[in-house]
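Below is one structure, written out as structure tokens, with a few remarks after it.
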Amino acid sequence: MSLIMSPILLADQLLRMAEDAEGVTFKDLGLADQLVDACEKLGWTTPLKIQAEAIPLALEGKDVIGLAQTGSGKTGAFALPILHALLEAPRPKHFFSLVLSPTRELAIQISEQFEALGAEIGVKCAVLVGGIDMVPQAVKIGKQPHIIVGTPGRVLDHLKNTKGFILNGLKYLVLDEADRLLNEDFEQSLHEILEAIPRQRRTFLFSSTMTKKVEKLQRVHLRNPVKIEAASKYSTVDTLKQQFRFLPAKHKDCYVVYILNEMAGSTSMVFTRTCDSTQLLALTLRNLGFKAIPINGHMSQSKRLGALNKFKSGDCNILLCTDVASRGLDIPTVDMVINYDIPTNSKDYIHRVGRTARAGGSGIAISLVNQYELEWYLQIEKLIKKKLPEYPAQEEEVLLLEERVSEAKRLSAMKLKENGGKRRRNGEGDIEGEYIEKYLGLKDGKSSKKFRRK
Ligand code: AMP
């Protein structure tokens, strides 16, 4: 039985991530012909809502605050007006715009979109993110790129240490996912960067939520900004089927395996609370013959990108992730989201399930709630203003898997433990261990065939 065959049409249909702005074209928005052509080449036939609203305001020279999430088309909403201004600008044009992002992956995706949209006009970008050698980045800076995209810590590092990297002429600043830029890790660097760049500039601030810190930031650093909203904040799309299952903690693995079996062939993201759980569960699933791969904050930049690429390319169809991966990553087709652990912050639920049922497609999100997580789950229902139906499954049928699942888990835990003795962390906090990486699919080599499903 395919669970996505009969999506329940839920009452409120907000957070439409790919809602077209009716009848308006990119040309109507006032963009230069080269950029209209570039959109066409990318298959962007019509501007998305956030683009239709933000681009004309940005072209008028306004500071813009956009309440929007990844998937809404916000990158185009800021990249296109910046590229338009770049085309029209007199020389010098280097270090024309700085885009700050909270994650390395998002920074890379943003830079890729700038390069794709600006291919015709020869735009040069540099990505400055942590976890990667600074020297090649400094070389890139030396080539005088037009657009710098980076995470605050690394950008500041280069501002302090890389000769010739001075942002005196900066014209555009973008603060992407500003709510996350203002967390403990980045806040100090962000403020230092804001001190080091010219006040005479345009600023675009995008955030999925308007927290008190974001309000304060915008009051101090934006000038008469216009606020636009891509969608209502805490709601879920009408084509998303959402279910929960209340179950004892010890049965979670069995349920995950059962659900993934039922949905065999679909692309799924399974969210866990800790980095270690992504590994243990990925290994368990691989032992059972699933094509699963973990992505989490303990992995180095290149491993994370490698895992993401395996998922994007279809080599692996199950991504085990922490909330690091719930935001910012450009993953176009996910059929199902499983909340293996219920997020303690209910807003994370919205971000997680936002990975499925995008652009009007259908999708399913299933939350496995144990006795300790009930409180958090009820908070989620309160936030989305819905009582969700229960995931229908015969417990006896699910528990038939118990023996094989616990054996696979026991062996996985053992392997991880053995590896724990050998592993060491490198300077970037990456877990190094040839042995386990091979089993996790992070290094070339096949997953263990020993425990494949019969
Ligand atoms: P973003 O929210 O910027 O991460 O964009 C989400 C996805 O939407 C990306 O894969 C973009 O390539 C895609 N996209 C952005 N604008 C458009 C558009 N006007 N038409 C179709 N797809 C778009």
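The count begins at 1 with the first shown residue.
Glycine is treated like the rest: Cβ placed from N, Cα and C.
These figures come from a predicted structure and were not determined experimentally.
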Worksheet, complete the sentence: Which range of 24-52, 82-110, 256-284 is motif 'Q motif' in TrEMBL? It is 24-52
Worksheet, complete the sentence: When pLDDT is averaged across the motif 'Q motif' (24-52), the result is 92
Worksheet, complete the sentence: DSSP assigns the residues of the domain 'DEAD-box RNA helicase Q' (24-52) as 13 helix, 1 strand, 15 coil
